[in-house]
Amino acid sequence: MEKVMGILERILLPVADKLNNNRYLTALRDGFMVALPLIIFGSIFVVIANFPFLDQLLTEEAFTTYQNALNPASAATLSIMGLFVIVGIGYKLVEQYQLDAVYGGVVALAAFLILTPQVVEDVSGVIPTASIGAEGMFLGILTAFISAELYRFFVQKNWTIKMPDGVPGAVSRSFSALIPITLTLFVFLVIRIIFSYTPFDTVQNFIYSVIQQPLTALGSGLPATIIAVLLIQIFWFFGLHGQIIINSVFDPIWYALNDENLQAFQSGSELPNIVTKQFIDTFLVGMGGSGMTLSVIILIFVIGKSRQLKELGKLGAPAGIFNVNEPIIFGLPIIMNPLIIIPWLVAPVVITIITYFAMATGIVPKPAGIIVPWTTPPILGGFLATGNAWQGAVLQAFNLMVVCLIWWPFLKILDKNYYENEEPS
Amino acid sequence: MKNILLACSSGMSTSLLVTKMEEAAKSKGEEVNIWAVGQDKAFSELAKADVLLIGPQMRFMKKKFERAAKEEKVFVDVIDPVAYGRVDGESVLKKALAFFNE
């Protein structure tokens with residue numbers, strides 16, 4: 001067993017290292033971090049605008065006025081999150097080359113807008129919000145990567161306008177960015193013009209139908225989700241932060257799916273996706289942390305006899321409620337514990353399947369596209385993520401019990417082992 | 001003042017440890033400044049630190065941190081998983097303080 005573990009660790013560590021230290025994946029992850037406060041701001045106002053029973057308490061007119069007053073908050077942030085992610089990625093990527101990062105952000109934004117359709121139903125001079133929201137997500141990410149790289153390339157070629165000594169630093173910097181930005185944006189203008197002669201008409205259509213749609217269709221399916229969940233669990237089993245490693249690959253897909261649901265939720269139409277960012281963050285991670293360890297803490301309080309587990313329960317509970325579970329993962333321990341690997345891998349898969357089918361059959365509403373911070377305690381998280389639906393809260397409570405049942409026999413054995421090794425007090 | 005920086009994925013779980021380490025330092029009468037950040041902020045905070053301790057779940061980033069830390073002459077270490085699980089501030093502090101004697 002030790003040997004197998006050793007071999008697996010030697011395989012996983014470099015994979016984690018590669019995924020996490022890759023220049024583009026790092027920029028992508030940090031770019032989403034830039035957008036996150038704005039996304040959460042918008043989410044809060046979607047929740048407030050859709051408080052339960054308000055539509056019944058208020059007159060229809062008052063309710064519409066109320067919603068119209070609050071809608072700009074999410075329309076300016078959550079609905080067009082792609083824009084902030086693009087600025088974030090451009091900034092973070094150029095920053096890695098130790099160049100003036102703010103230009104990386106704006107050049108990425110401008111390049112993306114150049115590629116964006118600027119006509120809505122024959123009205124020109126307008127930008128469809130869909131293209132700067134969910135539909136533009138993948139194009140935005142690609143554009144940010146390419147434009148930041150081109151900008152860096154042109155800066156490092158040193159085709160910059162040199163200012164004489166004595167010119168203030170800020171002035172010469174603004175000129176030094178001029179040529180690289182001009183060349184970079186020109187490239188994107190050419191790309192736009194070329195695409196206008198293809199059947200796709202815009203680059204956005206092309207990327208959306210050739211890359212984004214197939215990838216999100218794959219990523220929204222149950223098999224891909226189970227694989228992602230299992231990978232997260234396996235990384236954690238070896239004491240590596242599975243979430244951060246897997247998220248850097250899956251986040252663009254999960255966020256795009258999320259945004260599609262948000263658009264549908266706000267327009268009152270049927271929600272298209274079950275698997276979204278919230279499916280993962282609220283219904284899998286938001287149950288005490290990766291592996292739903294809040295159930296483990298509950299179980300410790302119910303059946304724990306050994307001092308070791310009781311102590312761990314007390315230590316892990318306050319953080320566990322907010323889905324921080326490192327004390328449990330390293331303290332139980334879960335890492336490298338052959339007894340624990342079965343519930344550790346089985347429970348999240350079972351919960352993924354239960355949650356998926358509860359939503360597919362319509363028993364529980366699908367995630368409404370609201371980004372609930374992953375530190376939101378379970379029950380509340382499920383309520384908010386489903387657009388203020390009590391069914392979401394009940395599903396989380398039910399799932400916590402299912403995880404308890406799966407863990408029961410294994411935790412019982414572990415507790416017995418600890419108890420027998422402890423000196424009677 | 002001895003500056004000890006802790007880093008994990010988002011600075012959540014290491015911040016649990018900060019409180020415990022501060023308590024341990026107080027009882028020992030050590031003058032320390034301990035704070036926790038997420039891994040993306042750790043690079044910009046590095047200059048203010050003497051020692052950087054990273055959560056064991058982020059140990060795959062050790063090399064990257066070491067490269068950055070070399071320029072700032074900061075010691076980098078991965079926190080022992082057992083001590084991390086027990087949120088054992090005393091033993092983590094002890095290991096961190098050992099760097100100041102080198």
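Using N, Cα and C of the backbone, Cβ positions are placed for all residues, glycine too.
Quick look at what TrEMBL annotates:
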- A:8-410: domain 'PTS EIIC type-3' (DOMAIN)
- A:32-53: transmembrane segment (TRANSMEM)
- A:73-94: transmembrane segment (TRANSMEM)
- A:101-120: transmembrane segment (TRANSMEM)
- A:132-154: transmembrane segment (TRANSMEM)
- A:175-195: transmembrane segment (TRANSMEM)
- A:215-238: transmembrane segment (TRANSMEM)
- A:283-304: transmembrane segment (TRANSMEM)
- A:334-358: transmembrane segment (TRANSMEM)
- A:393-411: transmembrane segment (TRANSMEM)
Applying the under-8 angstroms CB criterion, which one of A:73-94, A:101-120, A:215-238, A:334-358, A:393-411 scores highest with the transmembrane segment (A:283-304)?
A:393-411
Non-local residues, at least 6 beyond the ends, that sit with Cβ under 8 Å of the transmembrane segment (A:132-154):
24, 27-28, 31, 79-83, 85-86, 89-90, 93-94, 97, 99, 103-104, 107-108, 110-112, 115-116, 179-181, 183-185, 187-188, 203-204, 207-208, 211-212, 215, 252, 255-256, 258-260, 262-263
If we skip the immediate neighbours and take only residues 6+ beyond the ends of the transmembrane segment (A:334-358), which ones have a Cβ under 8 Å from one of its Cβ atoms?
1, 5, 222, 225-226, 229-230, 232-234, 236-239, 274-275, 279, 283-284, 287, 290-293, 295, 328, 364, 395, 398-399, 402-403, 406-407, 410-411, 413-414
